[in-house]
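Just below is one structure, and these are the notes that go with it.
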Amino acid sequence: MMRKQNKKNLFFPVFFPALKIMAKSTTDITYTQLAKVFDHAILKPDQTTKDVEQGCQLALEYDAKSVCVKPCDVKQAAEILKGSSVLVGTVISFPHGNSPTSAKVAEALQAVQDGAIELDVVINIGHLKSGLYDTCQKELETIIKACKAKQPNVIFKIIFENAYLTKEEIVKACKIAEAAGAEFVKTSTGFASSGATYEDIELMRASVSDHIQVKASGGIKTLDQVLTFLEKGATRCGSSSTGQILEEFKKRNNA
């Protein structure tokens with residue numbers, strides 16, 4: 001189903017105030033500003049501890065905003081990145097969101113204890129599609145409340161997996177995530193049949209308040225994709241191609 005496109009241009013001053021990005025559009029963005037858009041993904045099932053180490057070193061080299069690692073790798077990433085500006089993130093109930101609430105809470109609390117400061121939590125997709133909106137919201141509230149009681153600064157990004165959702169369900173998921181207390185809404189895990197789309201970012205941006213940020217994830221491989229996602233209203237991009245994209249930016253801008 002084709003989603004109606006919002007024609008309004010969405011530039012940095014509206015959605016990046018907390019990040020102090022002053023660019024008037026993506027044509028003005030600096031390397032540092034762009035690098036701090038990236039959550040460098042290290043999430044493939046077959047990635048080893050050596051891959052985690054290399055991924056963290058890459059994030060340090062390119063000055064990414066964060067790494068997003070598997071829950072079992074949080075301790076390792078936290079040790080490598082200790083004292084740096086690169087944050088440690090992980091995923092909860094990934095990639096399908098099917099775990100019971102108690103398991104999600106336990107996994108999230110363990111991640112915080114191990115050193116994660118950003119948690120990307122998969123919404124219960126089946127419950128969302130069943131119309132169990134109160135159940136979805138209460139679950140997210142429970143996870144968020146439990147973690148913020150231990151670490152008030154933890155950031156929550158709620159993953160919808162838009163490939164499985166209708167336009168109306170995406171809007172509803174945005175409302176649920178915001179009401180539950182999340183800081184971000186996020187398009188995808190990167191493990192479904194499709195990832196982030198420009199139309200989805202516009203829709204999600206229009207469906208949450210200005211203080212809620214939007215993360216694009218899934219299939220992001222090029223600089224032009226990233227710049228377009230930012231113009232559509234995203235403030236963060238998850239990608240395993242961080243180094244290649246930032247090298248593309250440097251080459252294009254003689255940085």
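Cβ from N, Cα, C; glycine included.
Annotated in TrEMBL:
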ACT_SITE  Lys186  active site, schiff-base intermediate with acetaldehyde
ACT_SITE  Lys215  active site, proton donor/acceptor
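Looking only at the active-site residues Lys186, Lys215, the densest Cβ neighbourhood within 10 Å occurs at Lys186. Each residue contributes its Cα atom, and for the residue listed as 'active site, schiff-base intermediate with acetaldehyde' and the residue listed as 'active site, proton donor/acceptor' these two points are 5 Å apart.
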